[in-house]
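Note sheet for the following structure.
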């Protein structure tokens, strides 16, 4: 027996699962012949009568193997006993039919043809090798021009008349032949290219090219030479030969990979590849035939060209713009099309497979389930657990397989007991599409239920983003024991309480539950039973049960509240309204459901408070996960119970319209009339008028909303009359966070507010706001005009949703691709580098305090604070030690002692060779423990960033396009009293005796008595109301300015002369439609370079030049006398449009793709003083002169750019000199890697924060690390790298280590910022890159360089079918390695 099994195991069978790397190369003709099992000579496929494959055709059994297992074509041999024999009649080997999936054939081409990938794919590899233009190459390959294949030297003069590689037309060849005869060697078509390629000798060529590279001066020539050298060295190193890029033998892929599928009605559905192969065989055979007939050259060339085109079409149809069309007029799918794109091999079959043992059904709510359970319909479970049931039946009943299947089909009663038993401890996985993050698939224990719908626990809805309006979910059964174990320990719903994106609870109560709890814990004055004093909780609950006291009545209970408060007499005890410390029965009921020993919660409990309780419970050492799960289930039951009892319903009377609404609107209209008057008088410009109007309405809308909530709250705080409702339902829902936002309630009963206009804005932004708001609300009803205005907003929301979901999905895909191979690879990399974090500020307010940013991160230093002891002495105390993972308690101490900043470890500075280390990543956000080796932090980061993208795009339409604008700040008011200090403020007095600030980066510092200092930035042109070194009270107005425009001020007395300002060229006069005033605006000159400016000619002949950017509104006439502080012109600021995530999502994509902004700001490369000059071309030039080094740099300012610095200003390193977006590449170049990391992190977080989405910093850090993972070689040293090449940091380190070992000069690289798409394609793994984008290009490159994919990342392992190197897959790998090592010993 053992002998026999050994024989059947064929030695040439590879084990397809046991390999560590994949290498790609170019197949040589010998290699193709070695793969082949025979030549395909005929274009026939199968015989239409017998339906058997034709001999020597595309499905021939002799070449590719038998169509039926162990049966030859003619039927002489059939059965396994003849295995391995070859039939003497039909020549078919007796073997399994599945060899038809792996055996290849070949086609001898009558003439070599060029491989279209190497010829056409940019950059053309054949072109680089021969140093020929792609157009010239095509002329040769497609038989339009001849090429000289050897230098032709004139025998008389010794001159080279025709150089190798030169192109000649038909006529030129005839002429040259007359002169040179047979000395002229020319050829045409792919054979000519093949000859040229085979003549290349790398050992001679490469040194020659290096010499040329050293000598050349031209940058273009350099780039070209570097590319040639690189390609040649790649060829040499990989062992490929250049002539293999020309095919003389064509492989024919196995027939089962291009099948003919019989359809009913005797027709066949054929794979397109068969058509393409047929066309090649036909043309090849015809060419052979014509050649044997000695046909004229023209005919033969034409036929050869057709063969070349046919092979092109097989490899990549449409590569040259011409498609081969199949039946039905669609282009045929070539080999390239089969592998690329969403429906190609990579993405359709290798990365996304269909799964057996799965089902799907509609979901319904299962409020009686525990958190770890789901309701599974019995019929579904019966089908899903079939194999397990059959196994049990065979074991229990002792029946055969067949009988067990019969029993199952008839659904015998004993089967239900077995099903119960089989599903008892067998978790199933539920998944809801789209699976945007890891919580989209969770494991549950099934509870068998009647009916056909799956029951889902309400608290998991947030993670799945599920609701019960007809959503469907899929069920998957983990089969193996390991899979079950992983599902239970890693994926069970009880392990997924925290969101991996923010580390906050995601399984927190919402909607009805919050409503119920909020109702339960509310207080109502004058409710029955008020003023009762109870001896214990139980007594109070009993009184409630007997109906003696209401749920919301104010009561006192011994042990919870103070019975006698300080300074209270007996009379006060009877008067409830004097009580300060009281509780309600509802609050007692709520607190009884909290974990034992939890401090009594006596406030109102809404959504936020509940989430905080869950968070604290989960993260505290005392309670932990198990207790939190119990708590969640108790809160859910309680919430549903009291939501039902509350009898909540909304009536139109609940929507209270604030009484003061009309007063606000009238005041606003009056104010707008005044502004209109100012505009008509020409005091303010049209742009300013518009901005002011919008500002007024935005304020009014907010005021009305505030007023409305006040009135609703009043109703709640009013004493209960004994009948009717106790609370306002609308307010209860919005206030507790159960449903609806302030904005929605405002639209119901306040005023709808401003709406966005459909068309694009003149300034290029979108969402211009209509300046007359909708003053009605939905309760009063909208007028026809108002309704019409709002329709646009509503529709925009819906269409945005559809378009943007795809956009967000694509962003997630790119993020996953760039970060998938980042896994925690070691516990500690031992680095001493890190980043400094402090509280994030936006202007004056703290956006994210330091204690939130450091939570769960590893500290790089001891944090020592000074504490005052009771005796007044100070002592030092260490609150955080170096290397600590900062806990919740420690972060609270940081807040308490006011620590300003802290150095922490970060993924950005982690020094792990591949992947990151646990210490740098910090505590896992999901578990709250330090990250384990194998955590796939890259994927989690990508999901956390991508998932809200989709959510946000889906959220715009709820508000119906109501314009939300940020109110512009226009004054500096002292927030605390203290002493004033001016910094960098130059002041002049204008003709009205006002003090005007004329410095660009001035600031006022106010120092309070306790030493706190507050900084206020003062704008250029601001009016100052205080002097330097005075003391101000809190709330003093210190300065104010116009928020909508920047003035151009005269700083001295003199005469204004307008230079380069000429009507119709750089000045445009237009009459304002609304006000009828004529405005004079500076425009970009179409004719020549003009540089509009005002020159002030002062006393003593001193001249000051003030540049006027485009869109400046001119307020002075030429030759007018001006005084210091006069406003000569105004530059309008573009006002913010509506802040939609629509602008947010493209912004995030722009940052991650590291795109250069359209109008980037010019940055100063060093610190210095600014002076303004005019370049020879007439443009403004900013000159920065360093005071320390004397270094000078000029920056030309393009037309239409606004300056933000002026003559004599001081600028710092990397400070913007003009307006415009900041280009991250500039930040990297000027300020370095740390700054660009911080810039990207803050810019991305800002977009999400605007939408109220919390994402932990480290997810963005992970992606930014990947974006900065490559370097550009500046000096190659003695390494094989080339100057200007972009390689990963790991590659550079590897080459440098090798060079150091050999005592050679190492290479130097500059860090470079790549966008996520580019970074994905620059991945070291070609399998991962090919499955992302540009598949054919990636594969072409990989084949030429003979690239080896060592299968380090997740994606490539999924594709080749290995366990992924993350999580349990890593431990499996380690174990296998150790096992192999032990075996060797």
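Backbone N, Cα and C atoms are what each Cβ position is placed from, and that goes for glycine too.
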Of 829, 997, the one that Swiss-Prot places in the same Zn(2+) 2 site as 910, 917, 920 is 829
Rounded to a whole number of Å, the separation of the Cα atoms of residue 471 (Mg(2+) binding site) and residue 917 (Zn(2+) 2 binding site) comes to 40
Closest by Cα to residue 920 (Zn(2+) 2 binding site), out of the binding-site residues 90, 467, 469, is 467
For residue 910 (Zn(2+) 2 binding site) and residue 469 (Mg(2+) binding site), the CA-to-CA distance in whole Å is 46
Check: min Cα-Cα distance from residue 469 (Mg(2+) binding site) over binding-site residues 72, 87, 90, 829, 917 goes to 917
Rounded to a whole number of Å, the separation of the Cα atoms of residue 74 (Zn(2+) 1 binding site) and residue 829 (Zn(2+) 2 binding site) comes to 68
Long-range Cβ list for residue 72 (Zn(2+) 1 binding site), cut-off under 8 Å, min separation 6+ in sequence, same chain only, gives 61, 66, 78, 87, 89, 90, 92, 93, 94
Sparsest Cβ environment (other Cβ within 10 Å) among binding-site residues 90, 829, 910, 917, 920 belongs to 90
Same-chain neighbours of the Zn(2+) 1 site, Cβ within 8 Å of the mean position of the Cβ atoms of 72, 74, 87, 90 and not counting those residues, run in sequence order as 61, 73, 75, 76, 77, 88, 89, 91, 92
Within 10 Å, the Cβ with the most other Cβ atoms among the binding-site residues 74, 87 is that of 87
Its Cβ having more other Cβ atoms within 10 Å than any other among the binding-site residues 467, 469, 471, the winner is 471
CA pair residue 829 (Zn(2+) 2 binding site) / residue 467 (Mg(2+) binding site), Å rounded to integer, equals 44
Same-chain shell around Mg(2+) excluding 467, 469, 471, C-beta within 8 angstroms of the CB centroid, reads 363, 466, 468, 470
Residues lining the Zn(2+) 2 site besides 829, 910, 917, 920 (CB within 8 A of their CB center) are 826, 828, 831, 905, 907, 909, 911, 912, 916, 918, 919, 921
Per DSSP (helix/strand/coil reduction), residue 917 (Zn(2+) 2 binding site) sits in strand
